[in-house]
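Worksheet for the structure shown next.
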Amino acid sequence: MARKPTPTGGRSRDKKPATSEARVNKPATGMARGSKPATNSKAASPRAVFGQRQVAPRMDAEEGNTPRRRRGDSDWEIRKRQWKPSTLLAPVPAIMVSCGGNEDFAPNIITLAWAGTVCSEPPMLGISIRPERHSYKIIQATKEFVVNVPTAALARATDYCGVKSGRDGDKFAGAGLTPVAAEKVAAPLIAECPINLECKVKKVIKLGSHDLFLAEIVSVQVSEDILDKKGKLRIDKAELLAYAHGEYYVLGKRLGFFGFSIKKATTKTRR
Ligand SMILES: Cc1cc2nc3c(=O)[nH]c(=O)nc-3n(C[C@H](O)[C@H](O)[C@H](O)COP(=O)(O)O)c2cc1C
């Protein structure tokens, strides 16, 4: 049976993660300094005060059985369960990293979710790979790779490259993807992905199950399909893929732009 395609190193979602149940009482926002929180049967517990913000203590479920109140009540509570430490950061990208493509290594693709931007100047990103992966050996030796950002239409190909190994065959052929020569690295781009980031490894850090490859982005290719007539990037057109708790999603509708929370209500566009 195929192994579950999780980058969490085998931690199954089905395992019972709960260690204890907790309950959080959240005070109403905007409460004036010194004013008392609304009382209920749990309100006897002390609340820490930082500046003007009251912070409700976390209470164990066993401590009481207060009925749940609705948001908008002057005092409401959220039940929380304390789980053991895990990688439950979501959503994360699901990217296809291409590597190899020189006389020593055939081109290969590995799907990764443990990846992210880590620096703006110079532009850098990090990818975490288990040493037992075929691609690890390639990237360790060549010190370069390409991050290919997939669309929802490429969800199946993305999953395929995350459950098959390049040791057993050509994943470009198996996933129906097209290798295209990159600009600054030997590893090929995946033509079907609208964004390709060519990377050169600067540092490798051993973390535990995974090693972190920190790399500089040395060239960026963007498909014309996601550019408007003026050449401006229309990322909303790309229908990018996201990954959360072992499942694939498509990036949904735009909710705002950087800084929109403090812009005047009349400002509709970004710049
Ligand atoms: C959605 C998804 C995300 C993954 N993320 C990672 C990851 O971040 N790091 C990793 O080492 N493996 C990750 N994997 C597993 C590898 O992609 C998988 O083991 C792959 O078959 C390795 O290919 P290779 O042997 O050709 O290198 C992921 C798999 C999937 C399906």
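Cβ coordinates are placed from backbone N, Cα and C, and glycine is handled just like the others.
What TrEMBL records for 89-235 is domain 'Flavin reductase like'. What TrEMBL records for 1-78 is region 'Disordered'.
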Query raised in the report: Quick one: DSSP breakdown of the domain 'Flavin reductase like' (89-235) into helix, strand and coil?
Result: 30 helix, 60 strand, 57 coil
Report task. Compute the average pLDDT of the predicted model within the domain 'Flavin reductase like' (89-235). Result -> 98
